[in-house]
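Peer 1: Before we start, here is the structure in question, set down as structure tokens.
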Amino acid sequence: MNAKLLFFFFFAKHGIQCDVGYSRALRQIADILIWASIILVLIGIILISTFLIKYSHEAYKYGYDKIGDAMYYGGYILLALDGMYFLAVLFMIRRIQLAVALAKETTRALSAAANVIFYPVIPFFLLGLYFLYWVFGTFLSLFFVCALVLVSVSEKTVENFPSGVNEPYYKGGKTLNKSLNLGHSQFHYYHVVDDYKYAMMYHFFILLWILNFFTYHSYMVVSGIYAEWYFADWADAEETLKKRGEGEGELSNDPLRSSAVRTNKFHLGTVSYAALLVAIVQWCDTMLTYFEKKLMDEDPTFAQKALLAVIHCLLKCLACIIDRINVILRLFLFYFANFLHEHGIIVTAIYGWPLCAASSKGLALVFQNVVRAAALDMVSGYLTKIGQFTIIAFNCGITVMVCRLVYGDRVSSLLIILLIVALITWAISWQFLLIFDTGINTIFMCFLIDEERNKGGHMRASHRLQEIIGETKVKKRDLEDKAKGHRGNLVNEKQRSYWGKSDEIDQSSAEKASDEQKTES
């Protein structure tokens with residue numbers, strides 16, 4: 001048993017190593033992966049369209065006119081969509097380059113706080129404990145609910161058997177009562193009190209609230225790490241490392257601990273409020289789906305249909321985010337609510353603003369840069385999907401090799417082993433790539449705020465990002481001279497000392513790098 005556990009532990013560890021290796025590889029080949037994926041998608045759609053159009057004639061030949069029409073016109077529709085996708089890619093080339101650069105910056109930030117990879121284990125463990133508590137109170141005990149005290153939620157009811165049990169099937173025959181030796185004509189049963197049936201709705205709402213609280217708390221902590229990394233000063237001329245320390249403009253020695261302390265000390269209310277709003281959306285959606293199903297299972301009357309329509313209409317008019325009219329709108333608004341709060345959480349992690357103001361700011365920034373956001377979403381989607389597939393396939397391939405080389409014919413079937421390893425690797429890669437995706441979104445929001453506030457000045461973004469948007473790095477001393485010339489020497493001694501020291505550090509770093517290069521040559 002211990003050998004089996006060690007075997008799976010080894011491949012879990014190998015999965016983590018694959019995640020780290022993939023993130024480091026992205027610094028070098030992220031652009032190759034993205035453009036190769038885009039080209040393969042374009043070529044794949046062309047091949048599928050050609051196949052559909054070409055073989056639609058075979059369907060016509062054998063009399064399948066409807067299938068032939070679907071294949072023929074579907075092929076041309078796919079070609080049209082492929083052409084639109086190609087034009088969109090041409091239009092977003094610079095945005096895609098920016099998104100790729102942001103992904104590379106995310107890997108650098110991840111290297112500066114590598115212990116963040118293991119952080120989701122903590123909320124996952126706490127959430128698992130609460131979920132066990134919730135399940136125990138809901139399902140494992142039909143007559144108790146979890147509260148400060150276990151309280152009975154059922155009552156005993158005594159009912160009489162139908163009168164037919166005391167009547168014989170035929171004249172002079174035995175009755176059912178005598179045949180079964182019932183001895184009495186009453187039975188007892190327990191049923192859940194109606195009040196507690198409605199309490200289950202509240203119980204379910206609390207579950208949704210707690211789930212979303214842990215989700216957004218983790219999101220806030222991870223976002224705070226990336227935001228702190230982005231706005232810290234660079235430590236070298238190549239802009240690959242950040243200054244470490246506890247001072248202003250420095251990346252703390254333990255960014256995970258610093259971000260967790262900030263979140264728990266200042267932002268628990270924001271996290272709770274965001275979780276509450278999303279829980280309301282999810283609860284309303286679930287309840288409406290439940291009542292809709294209950295009505296549609298039976299043959300609904302006109303009044304029931306009218307009532308359902310009125311409920312839909314009122315929910316739409318009162319709060320379009322709280323509930324949705326049909327499945328498509330439900331999905332749209334659900335993801336919109338998550339989208340809104342995720343970007344609000346990121347702005348809160350940067351500025352410390354309350355949720356409403358932060359969400360408005362985040363939404364405004366994204367809408368002002370909607371094409372960039374679309375390109376970033378496409379790039380991050382490609383990278384996460386490719387990464388997950390690559391990591392799972394590679395780890396499963398290593399598993400097959402190890403099993404064949406070490407155990408040989410002693411393994412009767414690799415299927416169960418591969419399924420377990422694939423599941424473990426999927427869980428690890430999903431957790432890692434979720435942190436990576438959070439980092440991309442956070443770095444993107446930090447970049448938009450940096451560009452909005454500091455474009456034309458001293459941006460915190462690296463030269464790699466500034467070159468893409470057409471910016472050049474402005475020296476801090478130039479800002480001082482500009483302030484002297486236009487505002488009558490409004491720069492104080494502290495600012496002058498800081499800017500001068502920064503320029504000296506940058507200049508000495510550049511001279512040191514130049515001397516090392518000359519020595520090597």
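Heads up, the Cβ atoms here are built off N, Cα and C, so glycines get one too.
In case it's useful when we look at the structure, here is the feature table from TrEMBL:
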- 493-504: compositional bias 'Basic and acidic residues' (COMPBIAS)
- 512-521: compositional bias 'Basic and acidic residues' (COMPBIAS)
- 476-521: region 'Disordered' (REGION)
- 1-18: signal peptide (SIGNAL)
- 32-53: transmembrane segment (TRANSMEM)
- 73-93: transmembrane segment (TRANSMEM)
- 105-125: transmembrane segment (TRANSMEM)
- 204-226: transmembrane segment (TRANSMEM)
- 266-285: transmembrane segment (TRANSMEM)
- 306-325: transmembrane segment (TRANSMEM)
- 389-407: transmembrane segment (TRANSMEM)
- 414-436: transmembrane segment (TRANSMEM)
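Context for these features, please: burial, neighbours, distances.
Peer 2: Long-range contacts of the transmembrane segment (73-93) within its own chain (CB-CB distance under 8 A, at least 6 residues past either end) are made by residues 38, 41-42, 45-46, 48-53, 56, 371, 374-375.
Packing against the transmembrane segment (204-226) from elsewhere in the chain are residues 106, 109, 113, 116, 119-120, 123, 126-127, 130-131, 134, 255-256, 258-260, 262-263, 267-268, 270-272, 274-276, 278-279, 282-283, 286, 341-342, 345-346, 348-349, 435, 438-439, 441-443, 446: each is 6 or more residues past its ends and has a CB under 8 Å from a CB in it.
Tertiary neighbourhood of the transmembrane segment (414-436): same-chain residues 8, 11-12, 15-16, 18-19, 23, 106-107, 110, 116-117, 119-120, 222, 383-384, 387-388, 391-392, 395-396, 399-400, 403, selected by CB-CB distance under 8 Å and a gap of 6+ residues from either end.
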